[in-house]
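This is the structure I have questions about; it appears just below.
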Amino acid sequence: MPTDDRLTLALPDAAGKSDEGERGEAPVRSRARRWTVLGFALPVAVLALIEVLVRTQVVPDHLLPAPTTIAETLAQMGPGRLARHIAASTLRVFAGFAIGAVLAFALGAAMGLSRRIDALLEPTFQGLRAIPSLAWVPVLLLWMGIDEAPKITLVAIGAFFPVHLAVVAGIRGVDRKLLELGAIYQLSPFALFRRILLPAALPQIFTGLRTGLSLAWMFMVAAELIAATRGLGYMLSDGRETGRPDIVFGAIFLLAVLGKLTDGAMRWLEHRLLNWRDAFDAHARDGAAS
């Protein structure tokens, strides 16, 4: 009976602590939101500063157009024409990234699980990884022509290597105690990979996916600068050849926005799949420090 009394008395205390914890988390979330707003306000402030510097002729407009001039140029292009350029580049990025990421995951998992496969393939991959993106362009044009295939292939090459490295490193970095736990439960190799290795490696894999996605946009521009009639890379090339810096910077602005949106989507997916982690939270740390 005494034990029951003590347990009963302890329950309100636990609930009180839980309520206190929730009340303590609210200011932390509020401060995190304020910093998020400031993070979005910073580029707006930079654009406003550029606008002032260009309008007051501190910076020549033929070198850096005013943001309002860039916005007017994009508006004059019309939503239909602009949408075609954006759609062409986005489809190339998504197709190339999907192909590169799938191949990288398959080969990375094989190399992470097998030292023999790693010893066989790693020297070749190290050499291929050192080849600059522009060096692939004439080769792919020679092999595949000037259609969509060489552009998507180049994007896939750009996305492949960071994802591949992340998968290999993520699998090899799994705590050995987790593998021993799988042996205790006599998991099959597939079950061991699906239930222990893959979840433990996912944080690092997502880092590779985000890096690969950003490189996919970069490699897409490299492909479209050489051989394309549509896309944001083509806009860059067309603006350079016609002496239109407003078009060049308009394409750069659109690339930045699309890159941010796709990275944000990847971060959202990461948080949804990895919300079980008990990991370091910078927002919580900053809130406690303040």
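Cβ atoms here come from the backbone N, Cα and C positions, even for glycine.
Unlike curated records, TrEMBL annotations are generated automatically.
Per TrEMBL, the features are:
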REGION    1-27  region 'Disordered'
COMPBIAS  16-27  compositional bias 'Basic and acidic residues'
TRANSMEM  35-54  transmembrane segment
DOMAIN    82-270  domain 'ABC transmembrane type-1'
TRANSMEM  93-114  transmembrane segment
TRANSMEM  126-146  transmembrane segment
TRANSMEM  152-171  transmembrane segment
TRANSMEM  183-202  transmembrane segment
TRANSMEM  214-235  transmembrane segment
TRANSMEM  247-269  transmembrane segment
Pairs 6 or more apart in sequence, C-beta under 8 angstroms, 3 or more of them: is that satisfied by the transmembrane segment (214-235) and the transmembrane segment (183-202)?
no
Six or more residues out from either end of the transmembrane segment (93-114), which same-chain residues have a Cβ under 8 Å from its Cβ atoms?
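Hits for the transmembrane segment (93-114): 121-122, 151-161, 163-172, 193, 197, 201, 205, 208-209, 212-213, 216-217, 219-220, 262.
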